[in-house]
Amino acid sequence: MEHIRTPKVENVHMIDRLTPRKSTVGTLYLSSTHTIFVENSEARKETWVLHSLVYNVERLPTNPSGSPLLIRCKNFHVYRLLIPQEKDCLDVLASLTRLSRPECYGELFCFSFNPNLDKELREKAWGFIDLKAEFSRMGIPSNLWHVTAANHEYRLCETYPSELFVPKSAFPAVIVGSAKFRSRGRLPVLSYFHRDTSASICRSSQPLSGFSARSTDDEQMLHAIMKSNPVSELMYVVDTRPKLNAMANRATGKGYENEDHYTNIKLQFVGIENIHVMRSSQQKLVDVGELPAPSMSDFLWGLENSGWLKHIKAVLDAGVFIAKAVAEDGVSVLVHCSDGWDRTAQACSLASVLLDPYYRTIKGLMVLIEKDWVSFGHKFSHRYAHLDGDPKEVSPVMDQFLECVWQLMQQFPCAFEFNERFLIQLHTHIYSCQYGNFIGNCQKERRDLRLQERTHSLWPHLWENRAEYTNPLYRTDHSQTQGVLKPLTTAYCFKFWKGMYGHADKSVASHQSPADCLNAVREESQQLEEELIAHQERLAQLKEKKTSGGRKKTNKLSERVRRPIPIESKLSSPLDYFTATRSEKHSPSFTLPLELAAPPKNGDPDDLSTCSDFESGVADLSSHSSSAGDDTKDPDSDEAVKSNT
Amino acid sequence: MELSEHIKTANVEDVTLRRPFHPALRGTLCVTSHHLLFSNRKDEASWQLLILLKNIDAIEKSVENLFGYPRAVGSSGTITIKCKDLLVLQLEIPGMEECLNIASSIEALSSLESVTEMYPFFYRPSHLTLLGPWGLSTTEQYYKQTERLWDRWRVSKVNSDYSVCPSYPSAVIVPREVDDDKLIRSARFRQGGRFPVLSYCHHSNGMVIMRSSQPLTGANKKRCKEDELLLQAVIDGSELGYIIDLRSAQQAQQARMTGGGFESKSCYRHWKRIHRHHERGKVVQESLIKLVEACSDLSHSVDRWLSKLENSKWLSHVHSALSTAGLVVECVERDGHSVLVHGSEGTDNTLLVSSLAQIILDPASRTVTGFLCLLEREWIQAGHPFQQRCAHSAYSHARLKQECPSFLLLLDCVWQVWRQFPLALEFSEALLLRLAQEVYASNYGTFLCNSEQERCAAGVKENTHCLFQSMLKPDIEEQYLNPLYEPTDLAIWPSVHPQSLQLWTGMFLRWTEYAQNMEEAREEVWSIVKEHRERV
């Protein structure tokens, strides 16, 4: 609280970039966790921005109408405010700058976030994902793989989970020796076991080979992994770095496996760039989205120049390579990069998504993230700047994984149980610090922070709302759902992810969502079925009385289906066409609604801002799908927490 | 010369056919006057591929032993056939001579220029009769059905013998108070005689979209009183109308040097002119060629692909067409003013913009029937020179003459609208794809010739079947329906932000693996909707 210099500023303008006439006037509040903008209008529309989601705050030069303030969020939303008094603006700037950069874990939102769960439920929630169960789903432990206690109390490797799965044939001494020969002790351990071929995906960090060093333990470790796949006499080592980078590492005593020292390994570089390249690439991509009035060429050129899609392709290519090795060649793969917590996590988890239909379900993706990212020590707090720290540690590693999954969803619309919204929601929460799941950099750190006692878990929350995240086209018996996905990785398959990066202005948001419509249709079908049954029962009960219930229902349905469409259709503003070719500077606007006003009826574009976030009409659609009541969902209820004030 | 005289070798056995993403097939190849027929008779279920020769855009032959021993055993040739619908096939033909014969027959027969020799004049399926109506509607019928026109507008038959404007239909809709003499004078003042006529009257406020060609003001700033009166009558007392000139101001100025020009402010005092630059003709055709070239090279890196996509400028054309259509709609719907659209000739971009504006504005043009009627009115009757524009598609090596994919650009823009408003159009992508195919090569007469006058002279209506009629037959129409259609009366403002526009994968990646999964998704959507309908 001491960081808030001014808790309230009146007469603030929230500026809409493309259509200035839609800008609104209201009051700005600063709480300890959120920035809240309340419109002066009748609807008193509220916009909540979580401090931990703020990427940066920028003050533009004061002009006669006031001081503009730009709030950029980590989920790529941008808010443009105009504050009448320069002093207020400076105060807000200083407060927000401090509030959005917590200096210690204790300041994070997750420690104050309280969704009113009782203690028992909270504990149960943390058990929602059980990695032991996940390994046993893969058939592990088996006669070839078992769990080792070598990392008990994290004494072998601080950043690994305490339970590690290794080949049975690897003796404890080999395990310890291998860990010593690997950067930060991250020895080769099992990440995924493919039952059909009994090939496995293992992961590690780079070996400390330098120019000539070798370790028989490490060599034996790899041999043991290869031998754990009885079918194959070969094993791939996938170094996810560009070969040059890997070679450069040899000068610092690290590097890659010497094929002469290890029996029957085949080394393959796949060329994913390092975190620094990715960070600047994403920044360029975001800048493209912020161009005031780009032409088609500006946009495509900017997209190319950012290199982002090239990197996405590289990550997906790595996943495809591994999946192919495992599924088609039946060969085990050891994946590593430098430290084995960024590119390695990307490559392993993507390969798993391609290989195993389970990871394409809602629960499965949660499990996968928990396994390959959370438990294996992906440095969430560093990469996503949870705390004020070294900006060089920040990098959109997880963003890229989620985007690769999204790109796959574009190619296989029926293969995934979840929808785009689920990925975006995950992305937001990786940054938001609202739940404890992604706090810290490894399992040990999370244990020491006692996160399970002090914070809540995201997974059950997402699971409860899974209806919102379901892809209507997903069917467990569909051909795309089965077996291994073999995506095309031709350049033209990679698209700009508008749902993630396209928040520069409202009119860019998607107008109508076929998926939501289908979901509604589907739900309605189910309801009708239920209603039909109910009516049949009733009919049986009241045989004499002739009710016309069935007919009424039909009428009601057509009403319901019809409702949302006019609302959505006028989403964008006609002003687009005037500004499209001029270079006026407007500010973007985006809102996280706290309470949903009554769904607008008249199709006025201005009303739309109240109804949803990234997918317009989301809330409207859900309202017509349920005859049980108007449980209009708030798609961002997480951010819009009512716990404070 | 009889068509059959072009055929030097009619049949070849043991030909191998290669298609993308299909196993190679062996069979018999047969060339007829209008078709290339490949049949695979070895398998029990015989499989046939029938390609209209007119669909073939380019043919490339590579013959082994070309300069060696012509009669050598085992010599063979490969013909690569590139179709206007972007399909690429390869035929391996045993025997060098046969290969060359087939290639030259295809070359000769696929570039026939005489309309009456074209296949629509020979297409006689048993389920269709030539006696039925040709076309969906006439200007008169459209006028009769549109009550809001009756008060201030009339049908003029001034062009009944096509003497006033050769590319206009015999009947056009003009302001009631302007008589035919004035129209004739206005026509003389407009390029190709394309005087301002009504294109659309907005259902909610009676404002109109007019279209024409450029005025022939020339370097001396000529005036035409009747043309000015005609436009004055359009806005009828309201203080303002907009002229959307589809050229940059500079281009419009330059046009005066060659006898064209623009409506100057002093002469058309109540009209405000807005210039929007649109590429035309050859430039757009070259864009298409570059785009298709970019799509067919699978070896590109992402950077190279994006650079080629950008370099083709195709999406830029889509962007400007949609933006200008949005501008027109904004004038009509939001500001409540009438609009005149023209570029130079008024036969390409003008039609593109006016028809897109109607799709955005008018719910009636978003149904299957309504959309086809719109195409008939705004493209076929309005005299878009289909024969010239669609003579070649993206693969042809022939020197470009009058080719320009204006119509394909329209379909792409409509697809963008459909993608942004997947619920608002009654038709689906399948309809757009079918039209994209038919416009280049068809069994039907609908897209033949360059104007109504030419169609009359060639007897198209009497001797060919109408595509639109056949598409609207209930059992056929179903495949073009959008399962998610929910009509809305409102304008559907498309976003023209570059990131909202995408490559039309259904069209340009049509013959790749990519399309397969999309097809499955579409089927899935249908099955959900059908299941739902059964329950209701």
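Note: Cβ is positioned from N, Cα and C throughout, glycine not excepted.
Feature list (source: TrEMBL):
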- A:Cys337: active site, phosphocysteine intermediate (ACT_SITE)
- A:Asn274, A:Ile275, A:Cys337, A:Ser338, A:Asp339, A:Gly340, A:Trp341, A:Asp342, A:Arg343: substrate binding site (BINDING)
- A:630-645: compositional bias 'Basic and acidic residues' (COMPBIAS)
- A:125-501: domain 'Myotubularin phosphatase' (DOMAIN)
- A:541-566: region 'Disordered' (REGION)
- A:588-645: region 'Disordered' (REGION)
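Where TrEMBL records a feature, it is marked here on the structure.
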residue  : record                                    : Cβ contacts under 8 Å, 6 or more apart
A:Asn274 : substrate binding site                    : A:Arg241, A:Asn245, A:Ser338
A:Cys337 : active site, phosphocysteine intermediate : A:Ser205, A:Gln206, A:Asp239, A:Thr240, A:Arg241, A:Ile272, A:Arg343, A:Thr344
A:Asp339 : substrate binding site                    : A:Ser183, A:Arg184, A:Arg186, A:Ser205, A:Gln206
A:Trp341 : substrate binding site                    : A:Thr159, A:Arg186, A:Ser205, A:Phe376, A:Gly377, A:His378, A:Lys379
Query = For the substrate site given as A:Asn274, A:Ile275, A:Cys337, A:Ser338, A:Asp339, A:Gly340, A:Trp341, A:Asp342, A:Arg343, which other residues of the same chain have their Cβ within 8 Å of the site's Cβ centre?
reply = A:Ser205, A:Thr240, A:Arg241, A:Thr344
Query = Quick one: mean pLDDT on the domain 'Myotubularin phosphatase' (A:125-501)?
reply = 92
Per DSSP, three-state class assigned to A:Arg343 (substrate binding site) = helix
Request  = Taking the Cβ of A:Arg343 (substrate binding site) as the centre, count every other Cβ atom within 10 Å, in any protein chain shown.
outcome  = 29
Request  = Kindly assign A:Cys337 (active site, phosphocysteine intermediate) to one of the three DSSP-derived states: helix, strand or coil.
outcome  = coil
